[in-house]
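The following features are taken from TrEMBL:
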type	residues	note
ACT_SITE	Glu119	active site, proton donor/acceptor
BINDING	His57	Zn(2+) binding site
DOMAIN	24-146	domain 'Succinylglutamate desuccinylase/Aspartoacylase catalytic'
DOMAIN	161-242	domain 'AstE/AspA barrel-sandwich hybrid'
Amino acid sequence: ESCQYTIIFHCMAALSERGSAPVSETSPYEMVRSQELNALLGPKASMQAVDLLCDLHNTTANTGLCLITYSDRDWICLHICKHLQREMASTPVRYVHFDIPLNEAYSLDSVGKHGFAMEIGPQPHGVVRSVIFSAMQEGVQLMMDWICQFNSGTLFEGGWVDVYTMVKNIDYPRDSETHVITAAVHPDLQDRDFCLLHPGDPMFLCFSGETLRYRGKEALYPFFINEGAYYEKGVALSLARKRRVQIPSVRSETLR
């Protein structure tokens, strides 16, 4: 109702090891709910956890459709991504890898044996855009189709998938005393998620008119550029390194 991405305490954050403390009558609703979901779908990192969890998200950034995971070796998730890339010709589909230990992972999809967030943009919070809604609907249906085929014993041939592994986050330029933001994302960078950013490329446009350039030592791929929910987190954009990952052929019998 408030059209905010986060309210007081993010429900997903309670799914990390730090959020596993016992709840009480004064615990935030989000913490209570997260532990209820962990009990229902997990427990996390247990043999009782559900086989696959897909957590649906939207972003204000121009990302297209992303499958965001904590593993670059989860053949199930990688094959689903490969399937969506083949079938969704009108929507770019990418595999994003957050390289952090599973016990520190805070999203709902980390509770399952396999899992990913399916995140799509650009779409402002509190707004429905038909093209984004339709793409998400198509992505979910294709995922379900793949699962049905997999459970029926279909052999999925191996291949290659590009994996974007997050390297670091970049904050907005800020006043040294007040910490107030002093620049916006540069027009040449805005909406260019997953387009290679080279050292020296424009990154921010200061409110004074000065252009600040990317000073990194290597070219990286920006994503979540100017995400509305990340202003409070001090993140103007994330940077990722891309590499091609070879995935083996899979059939349900081979994973039992």
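The backbone N, Cα and C atoms fix where each Cβ goes, glycine too.
Straight-line distance linking the Cα atoms of His57 (Zn(2+) binding site) and Glu119 (active site, proton donor/acceptor), rounded to a whole number, equals 5 Å. In the three-state DSSP reading, His57 (Zn(2+) binding site) counts as strand.
When DSSP labels each residue, the domain 'AstE/AspA barrel-sandwich hybrid' (161-242) comes out as 3 helix, 34 strand, 45 coil, counted as helix, strand and coil in that order. Counting every protein chain shown, the number of other Cβ atoms lying within 10 Å of the Cβ of Glu119 (active site, proton donor/acceptor) is 22. Residues of the domain 'Succinylglutamate desuccinylase/Aspartoacylase catalytic' (24-146) grouped by DSSP class, helix first, strand second and coil last, total 50 helix, 26 strand, 47 coil.
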